[in-house]
Amino acid sequence: MAYSPDLPYNELPLLPPKAEIETTVILKKTITASRALSELKGAITKLPNTTLFIDTIQLQEAQASSAIENIITTHDELFKQSIADKKTDNPAIKEVLHYKNALWYGLEVMKRKPLLTTNLFIKLVQVIKENNAGIRNAPGTQLKNPANGMVVYTPPEGEEVIRQKLKNLEDFIHAEDEIDPLVKMAIIHYQFEAIHPFFDGNGRAGRIILLLYLKLTGLLDLPALFLSGYIMENKAAYYEKLRAVTEQSEWQGWILYMLDMVETTAKKDRQRIAQIETLMSEMGAEIHAKLPKVYSKDLMEVLFRLPYTKRQFLEKAGLGNLKTAGNYLKELEKAGFLKSEQVGKEKLYLNYQLLEILKR
């Protein structure tokens, strides 16, 4: 049966694709993308504390991935709410923080059991949506163009069909084949989005699976890759190239898009890490000169873990009791290093220079 966007795509081809997926152009691009990823991995391992920027980058990844689904938040509000005791009523921020929780859940599960499975996919969506969502088991799901309401894609229908497609995807993910892992990553992402196994949360779950796959293959040890930012900036091309695979089996354009996403993002994240390291070094030297009794290496790590901090973080890092920690933060604000803001009953302190780098 010929493909029609209005009919359930139960004939979605199983993996691996029959088309040629490792053309000369694609293989050339895998070399530069792999190099950029390797250089980012090296830059992360050289950090004094390898987890230092991970919280920040993952909040940004969560924000951008949610923005692709038109769930909009600001950097400032998101970073603030990620540490504030007073929990937000803003549903958009809640959704973004759920995404971050789902990513960390996936990483924790993979430490114990390094497999990408249907059960893990289901759990990711449950954490994202904060419900007991399962595989789609009712007809009627269609993806429409928001501008004109026209149906652009109808995913496979029937829980058994969907589970069969997911089992094939699992087998492909874990198959020991000769396909370049970055090319494979692009194919995996297309197939998951085409199966569209859930009523909601497919896009966000699919982007988490990208990061988990990079971890699974050892291409990246920590999820310090801000992939959704690239997709957000090139959103029209993302959906256009997804559709081209479905409608014309045009794999090359899709794979090249995904490889460029990895390369561009890895280079940008590496540059950003370098900028943050420079700021951390310069600010540390300045604090050491102006406030020698306040300065310590541990303090700098607290100030650069997230843009906002509070006295409890200093206490937890062993920098003193709450009163001492509060005095340190006041001195840092008075000297111009931080800016304070009252949120509910607590005072948060912003490393505004760090936030400026992260917003670029």
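Heads up, the Cβ atoms here are built off N, Cα and C, so glycines get one too.
As written in TrEMBL, here are the features:
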ACT_SITE  H196  active site
BINDING   E69, H196, D200, G201, N202, G203, R204, A205, G206, R207, Y238, Y239  ATP binding site
DOMAIN    116-260  domain 'Fido'
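Shown on the structure are the features that TrEMBL records.
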| residue | record | DSSP (3 states) |
| --- | --- | --- |
| E69 | ATP binding site | coil |
| H196 | active site | coil |
| N202 | ATP binding site | helix |
| Y238 | ATP binding site | helix |
Around the Cβ of Y238 (ATP binding site), the count of other Cβ atoms that are within 10 Å: 20
Cα within 10 Å of the residue listed as 'active site' - qualifying binding-site residues among E69, N202, R204, G206, Y238: N202, G206
Fewest Cβ neighbours within 10 Å, where candidates are the recorded positions H196, R204: H196
Close in space, distant in sequence - D200 (ATP binding site), Cβ under 8 Å, 6 or more apart: V125, K129, A133
Count of other CB atoms lying within 10 Å of the CB belonging to E69 (ATP binding site): 14
Summary of DSSP states over the domain 'Fido' (116-260), given as helix, strand and coil counts: 89 helix, 5 strand, 51 coil
CB within-chain contacts under 8 A for N202 (ATP binding site), separation at least 6: V125, F192, E193, H196
